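J.: Could you have a look at this structure, given as structure tokens, before my questions?
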């Protein structure tokens, strides 16, 4: 920070205040995590200076011999993590990765089967406001109204009816194990390709705690942050037969120069994920999520689908205590707990209001929170949300958050 402080005090102050916010708040946004100092150092390195259009050994610029090394290592480590035949580590984001797959697998206006956003899907899985919904004819599948789990019979029925060219599996707010084998069987039945967006569960997959979609899917996309605990970015894993098409669609198709400093940080994160303690970490992520869900149930909250198999807990706050997701998010933020409002299946509220909140355990687990800590987190959440207009109770919740975060300091 010393260089930034000398050059730009306003930015330095904003960064410092953001660090203090992260350190003093309990981070429960399911898509966020805390990267290691090594990942941050790689991302802030001199590699940010280097242009390297093309791929290792096939660049349009000179002086790429060392970024060739870092990018090749990132590719090899990703292959080792997931057992993929081919990996492209250049996508700037998960959305860019998804766009590239769509451009390879589809023509404009082709029919695609994707998960309904309000049931747990993602914007890039066919939301009308997103490029995916504008360029392609997405047909939505969802969860069963009673179980709130993916209804595979409905997926099959829709596939047989609409004959999609591509089926997209994966979600941004779904707390149960996804059966990729079933998706593959359905795709094969209608002669469709299968794409899996594993952005939220990639870390669990790498640790062997969730079925690996690489075995079944033609294309697998992911972000490199979230549970994978790397820098913000994207990645595509695919069969060897799609290597050429995927690579030329990323560059020169939809991107120019790759962010080699970010790719180096991806390589570092993948190296960390190959270590034994990464599996231990992911096991704790899942344990903590299960404890959080159970503790909230004991406090009287309804958990979507009745629990969780992964890192994520979806809470029906409107149905439980009458607060909207927006109100719950704001109340928790006021006491130092960060989460996000989220639609729940069959939600009657607008997307900016919602009936639910989405909670995740990866970030707090990274800083050391265990089951006991998450039992306390659930009690604080309950105290705050049930007393959202009581300043005395909210102050008590705030003090309990401060005590908990002090026990598990960030970057110490």
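Glycine too: its Cβ is placed from the backbone N, Cα and C atoms.
Pulled the feature table from Swiss-Prot, pasting it below:
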BINDING   117, 121, 122, 123  (6S)-5,6,7,8-tetrahydrofolate binding site
MOD_RES   226  N6-(pyridoxal phosphate)lysine
SITE      225  site 'Plays an important role in substrate specificity'
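Describe each of these features in terms of where it is and what it packs against.
T.: All protein chains included, residue 123 ((6S)-5,6,7,8-tetrahydrofolate binding site) registers 16 other Cβ atoms within 10 Å of its own Cβ. Residue 123 ((6S)-5,6,7,8-tetrahydrofolate binding site) falls within a helical segment according to DSSP.
For the recorded site, residue 226 (N6-(pyridoxal phosphate)lysine), the DSSP three-state label reads helix. If you take the C-beta of residue 226 (N6-(pyridoxal phosphate)lysine) and look for same-chain residues 6 or more apart in sequence within under 8 angstroms, you find 30, 31, 32, 33, 199, 200, 202, 203, 362.
Shown in sequence order, 31, 32, 33, 35, 231, 232, 233 are the residues of the chain, 6+ apart in sequence, with a C-beta less than 8 angstroms from the C-beta of residue 225 (site 'Plays an important role in substrate specificity').
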J.: Around the (6S)-5,6,7,8-tetrahydrofolate site (117, 121, 122, 123), what further same-chain residues have their C-beta within 8 angstroms of the site's C-beta centre?
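T.: Everything else in range on the chain: 114, 115, 116, 124, 125, 126, 127, 130, 171, 172.
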